[in-house]
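Here's the structure we're looking at; comments come further down.
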Amino acid sequence: MHFSTRHHQPCGPSDCLLKYVLVTTNLLFWALGLCVLGLGLWGLLEKESLTQERLESLGTDPMLTLATSGLALTLLCLVGCAGALRENSCLMRTFCTALLAVLASQVLAIIVAYGLQDWITGVLRAAMLGAVARYQDDTDLRFIIDEIQVGLQCCGAENYQDWEINSYFNCTAPGMWACSVPPSCCVDPLENGSVWNSQCGAGARRLDELTAHRVVFLGGCLGAVSRWIEHHSGLIGTVAITLLALQILMLLFTASLLNRIQWNKVSLGHWTDQP
């Protein structure tokens, strides 16, 4: 009488190396996903988007998209970790398929961005001007514009006079905001260093440029974004290439480990079935 038994074989040196490289890399991307998720949740909480009266517009909130992307990346990396640690073929195939789709979309986005730079610049200009025009009517746009203007120390799309297209800030508008700019355009929006001065940009566009320069930023955000990208182009390129290379290596390592696992299962099954 012959008994057919299956024994768990410890992984070889190369298999173990592949496994723990995959686990380590997935943990790094998992941490990145948590950061993106945290940033999205911070934006939602900062804008109070989760309050009952704001839930109806939550579906179009860009911060929700950011939080969802971070959650998806976190879950994908957990699948990759679990598949590698448990040598689960189903999880590893799922991870490979999802990673291949993500990698292909990133490469396509880079090609489109490189080939359509002028078109993208025009789209961004139109989008920024549209956001300026709807600044007071859309809390999501107001939040994004304020963060950009404060972070990059800019005002408007091309210059601070772009705020003329906003019905609340143009020079024919009634009220105190006529010929003004938002406080996020101000050189010093904090009064006494701690209190946000919501009227610091009032009447700024009535001033001559020399005087206005002391009160608000005159340059537009499109130029500021271009300068920021140009100044950090080396870092951006290095990060982008590194991330793409890591993803390609993860895909190759996962496929290699999956093939080894499949081969080990076949060879082990053949060995245990021998009389």
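Placed from the backbone N, Cα and C atoms, the Cβ positions cover glycine too.
Annotation comment: TrEMBL describes 27-45, 66-85, 91-116, 235-258 as transmembrane segment.
Among 27-45, 66-85, 235-258, 235-258 has the largest number of CB pairs under 8 A with the transmembrane segment (91-116). If one looks beyond the transmembrane segment (235-258) by at least 6 residues along the same chain, the residues whose Cβ comes under 8 Å of a Cβ in the stretch are 15, 18-19, 21-22, 25-26, 28-29, 80, 83-84, 87, 89, 92-93, 95-96, 99-100, 102-103, 106-107, 110, 229.
Below 8 angstroms of C-beta separation, residues 61-74, 76-78, 81, 143, 246 of the same chain, each at least six residues beyond the ends of the transmembrane segment (27-45), sit close to that stretch.
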